[in-house]
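*Asks:* Below are the features I grabbed from TrEMBL:
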DOMAIN    A:53-246  domain 'tRNA(Ile)-lysidine/2-thiocytidine synthase N-terminal'
BINDING   A:A56, A:A57, A:S58, A:D62, A:V88, A:G166, A:D171  ATP binding site
DOMAIN    A:282-312  domain 'Cytoplasmic tRNA 2-thiolation protein 1 C-terminal'
Amino acid sequence: MPVLCSSCSEKRAVLKRPKTGHSLCKACFFWAFEEEVHRTIVAAKLFRPGETVGIAASGGKDSTVLAHVMKLLNERHGYGLELMLISVDEGITGYRDDSLETVKRNQQQYELPLKIVSYEELYGWTMDAIVKQVGLKNNCTFCGVFRRQALDRGAIMLKVDKICTGHNADDVAETVLMNILRGDIARLRRCTAISTASEGDGVVPRCKPLKYAYEKEIVLYAYFKKLDYFSTECIYSPNAYRGYARTFLKDLESIRPSSIMDIIHSGENLSVREGVKMPVQGTCSRCGYISSQALCKSCVLLEGLNRGLPKLGIGKHHRLHEKILSQQPLTEQEERKLKSVDF
Amino acid sequence: MCQVEEEYHEQLERVDTPSASKKCVKCKEELAAVVIRAGDAYCRKCFRESFIHKFRAMLGKTRVIFPGEKGVSQNAHKKLRFFPGIVYIDEGGALGQCKEMRQKTTSELCDMFRSTGFPFYILPLEQVLDLPGSVLTPSPLSDQPGSAYKAAVDLFLQRGDSSSDGKAEEQECVSLPAVQESHTWLLQQLIGSAQTLTAKQDLLNTLRQHLLVHTARTRGYSKLMQGDSCTRLAVKLLTSISLGRGAQLAQDTGFSDCRYGDVTVVRPMREYSAKEIAYYNHMFKVPSVVIPNLDTKMPDKASIQRLTQSFVTKLQADFHSTVNTIYRSVWTEVQHHCTAKTFNLISGLVSCSNIFKYLEIKQN
Amino acid sequence: MAAPVAVHLEFGGGAELLFDGVKEHHVTLPSQSEPWDMKQLLVWIQRNLLKERPELFVQGDTVRPGILVLINDADWELMGELDYQLLDQDNIVFISTLHGG
């Protein structure tokens, strides 16, 4: 027995919204989804007319929906933004090269300029090569640190004012849970922020227009709109611990769909002790990128890779930074410690 | 979505379980009997000592409980400087238990509590229906400056031994006053009006807390002690987050909660794991009564509270630092100096209660 | 006896990886004494189509949380979920939300 749309009461409902419990038809769902993103953008004052905005595009569902909705809203509501796609090529055969094809198709479908920045070009290392040296256990650290900087560099090359990323409500909720499980209070407070202010030279402000959009709705939006997206998990991602948080979140959602929004709300209102020590921001003395240490994380990781000491950037070896900068040799013991890699 | 702007290798690496037939890490003589955290294996004697020490250290460090005018001698070597009372809320009505069952449970509890020599109150949850609305209004907190604690200690030491025979006072016992059937029916209607088990458990917690605060107030106690272990608090914390209650997290799971003004809730067992408490109770034969709860024997996905509990338990089995990390993330030191009247509570799950839950304060 | 039911199954969003990467399946469910419902279909898929790691597709008697189900292009939550009785030529889509971003 077909259920009628609770909004227009005319057409057949195609989904039950997890956020509100409403049953909506396709047209009413599209409208509701898009206008909610619009309201998020307006309420948080994410953009100003005339700005150039880079959309971080991975070819996956979230960034594909983001690019589609941003283009649509920019036209519908006259934001006056100039939109561009920025993609990072980590150099992962069989994963990234396929998803980049999706991004290239998106570029044509949406008629937006695209810039691809590759790890190889920026750092001289592809992820495939990094994995060969560091193994599967810590490779996500490299990828994550390098990606953040790569996006910033791509943004600067394109001269964009802001970057928007496809993080959705489920991602934010999952990150809240992860930070609690890891006891990371500083990140716990930051992770629900919808946008980051400019932290300094070389770092472009970022925002998450899909922060309040459920993953379920994003997937259904892409499905009903027949958007072209790529869906394979990164072949190097072992991330077991995040897997626990994700499973828990999905289980919570199945008991009470509003849980995702409830967790974000909790994160936004966390009343934890004031005065948590935050690192003082400075710049990397090698590359000039923002860094709380003498060397930024990417430069340390890169130094480790180039010297064949992959553990240099993993764990805490701050006191070695000075030595590296002044090109003093490391002791045998230090070398031994940094060489061992667990596979 | 791949989200790797973070690292968490160090604290999350799995820890190997220590082998059996290990020596106690403290005295290095006796054979270890309990492994508290990985690597920390204690013999019976050292376990007992450290367990007791931790409790005293917790109360001393936080300075939340002031010495009362009279002392009760708890152990030969250490005096208890406050008067405890015990309160138990019988939730049998909400769980649909028959009268006979409720009476049987309460009479067991009554015997157990009587043997402690402390005053106790066993109250039916139905009483919450008669509470005045004012229970929700915080009463003004009598604010004492930091130095008051020291002054109170000095005063206590001066008077010391002369008045320390606190047992002279008659033990006050209140054991389950008669409950009207219409009240039980109303309570069941109320619980039944919550659609999901998540909501029912939430409601029950709120009702219980209100009755506890009210009881503390009307009986003249200013502290309400709850026996939550860090394991339970970690579950509570994640549950609160999942229910959207992040803003209340510090009060819900911190050492003390001053929301009610004149009655402060304290959780002195928060440095103990559920395992430590269970071992202590088992080894030193602390009497207990097992009472089923709303989610007893329910599947994992029956409610958010239940799911969270099973999630934390499983994760703890794989990563031994889980509970500690979770509860330290929101470790707040809310140190309000409140008055020296204290009150102890044994909430629903008496199964993991232990002797320390009976130690409590009552001023004069 | 209910007649055999021909249904069109589609796996997407990464769920197809558990079916050798094959996205579309035209299958005929054999005739049986009771009518086919979603619950039985899941059991049938598990026995006849799933190639690996069944726990990534089904959990208990339902789909793993995070996998969306559409019956004739509508959210199965609107159709009675596990109790929905399959009709000939029904179109069932399973989309994983758990892969990629």
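In case you wondered, yes, glycine gets a Cβ from its N, Cα and C as well.
Mind mapping these onto the model and telling me what they sit next to?
*Replies:* Mean predicted confidence for the domain 'tRNA(Ile)-lysidine/2-thiocytidine synthase N-terminal' (A:53-246): the pLDDT average there is 88.
Neighbour count (other Cβ atoms within 10 Å of the Cβ, all protein chains): 30 for A:A57 (ATP binding site).
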*Asks:* Are there residues of the same chain, six or more positions away from A:G166 (ATP binding site), whose CB falls under 8 angstroms from its CB, and which are they?
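*Replies:* The answer is A:A56, A:S58, A:G60, A:D62, A:S63, A:T64, A:V65, A:L66, A:K208, A:L210.
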*Asks:* Could you put numbers on the helix, strand and coil content of the domain 'Cytoplasmic tRNA 2-thiolation protein 1 C-terminal' (A:282-312), residue by residue per DSSP?
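*Replies:* With helix first, then strand, then coil, the domain 'Cytoplasmic tRNA 2-thiolation protein 1 C-terminal' (A:282-312) has 14 helix, 4 strand, 13 coil.
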*Asks:* With a CB cutoff of 8 A to chain C, go through the binding-site residues A:A56, A:A57, A:V88, A:G166 and name the hits, or write none.
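*Replies:* Only A:G166 pass the 8 Å Cβ test.
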*Asks:* Output the one of A:A56, A:V88 that, of all these binding-site residues, has the highest number of other Cβ atoms within 10 Å of its Cβ.
*Replies:* A:V88
*Asks:* Under 8 Å, Cβ to Cβ, against chain B: pull out the ones among the binding-site residues A:A56, A:A57, A:V88 that qualify, in sequence order.
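*Replies:* The answer is none, since no candidate qualifies.
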*Asks:* Through the lens of DSSP with three states only, how would you label A:D171 (ATP binding site)?
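*Replies:* DSSP call for A:D171 (ATP binding site): helix.
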*Asks:* Within a 10 Å radius around the Cβ, which one of these binding-site residues has the most neighbouring Cβ atoms: A:D62, A:D171?
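*Replies:* Compared across A:D62, A:D171, the most Cβ atoms within 10 Å surround A:D62.
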*Asks:* What kind of secondary structure is A:G166 (ATP binding site) part of, going by DSSP in three states?
*Replies:* coil
*Asks:* By a simple count, how many Cβ atoms lie within 10 Å of the Cβ of A:S58 (ATP binding site), its own Cβ left out?
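*Replies:* So the number of other Cβ atoms within 10 Å of A:S58 (ATP binding site) is 27.
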